[in-house]
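Data block below; observations after.
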């Protein structure tokens, strides 16, 4: 009876978890979409000197202003010489779709959608501002390619102002990496001092996340400061209030499932993390750096980094000790982090993510085996106590206080913990939820094949075979536990439908998660047989 109730408890906890996370996603108001409110918000922006970006294709990109193309082993990038903005970025080593050769496009600027990385110099003598417009850079070539044996590729852009000051903007690309160094070199050949300030921002058309109850994903902003290690800043947050936080270091990013773009200014600089929403419906998040005073005849260098790529925790940690937090495991991150590490460890040996999931399932079940054994032992003792519990109910009738006291004395005498059957279930749920987030957030599982018909563990089984097998395994587990005569008829009906309900839920779950649950059930059935054989020798049934 207790086992049946425990399975029911798992179902209720699991459904409650899904409903809770869907409520979390839906409870906040949607982004303000009216033109008047967006204009008002833009007018109140703390980043008023930062230039706006037009929606659609920039008018400046004409036959006389050709985009600069940069190709490396990881990135295919296009830079607009007007301002030096990155207006296109494709990830060469990541496909848009598994069965096609088209690379995944993260940044782009089309008629209907804008997602670009903008940077420039603002301030009193800045060459990029709302009032002055953008600088028109010149470059020696319009196509750059990282050659074989070449570790870095520099793309220099030059602008000479009316006062004779030379501004050089250099993009530095690295082999095997998704981060780009953006360096300014200002040679003040004028007779007057200059004052400039670097900024970097990411601009994106407000677009809803492609999220569902079983596959919740986030699309929006995020930032980090010296006081706030990591915080999401949703599009509706930007529409309601402009972010304006002073910090040492920090970073600002746009997130989506598996991928991130981020500006990371120097960790020792005084920066301001800001956000805004422009009148055209573009959400902006970025940083404004320190103000530099450049004396006549002096040269000043100002640098920052831009990352555009997958949520690779190792690569992100190498750039900033908090940037890896964009891989958000939720409130059980402390449990998910070691699970992810163990998953990576197993995969490095077996070379297959599906086998790694099976190994981590065996590990989890092995660690929980002592608790599982204690659970079934407690349940067996409870079953043996049923005749005595029935006698207590008949003896005390409706006197619940005396009956409860007598039951506790009986449990103490027989050394039975009535909650012993629930504890392993309660401990397994956080592990399951943590693994759920690991499989959902880990970009390594994107397009990762297992075997046979499972070509991508990050999406649902295309033929629903794993969910059906999982349902069968639950049915077998259920049949191995006899239904006690004292069990409530309503609970019996709910228990009979639980394998069906779980099967329906798991139809749309990532195949990797269903694989974990299926293997876990098979292991549980095996453990159950072993434990029951041992209990039978002790006279417990």
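Think of each number as a place in line: the chain as shown, counted from 1.
Using N, Cα and C of the backbone, Cβ positions are placed for all residues, glycine too.
Between the listed ranges 286-306, 349-369, 370-390, Swiss-Prot ties the annotation transmembrane segment to 349-369. Between the stretches 262-282, 325-345, Swiss-Prot puts its transmembrane segment entry on 325-345. Outside the transmembrane segment (500-520) by six or more residues, the chain places 11, 14-15, 18, 212, 214-215, 353-354, 357-358, 360-362, 364-365, 432, 435-436, 439-440, 445, 448, 450, 454, 456-461, 464, 466-471, 473-474 with a CB less than 8 A from a CB of the stretch.
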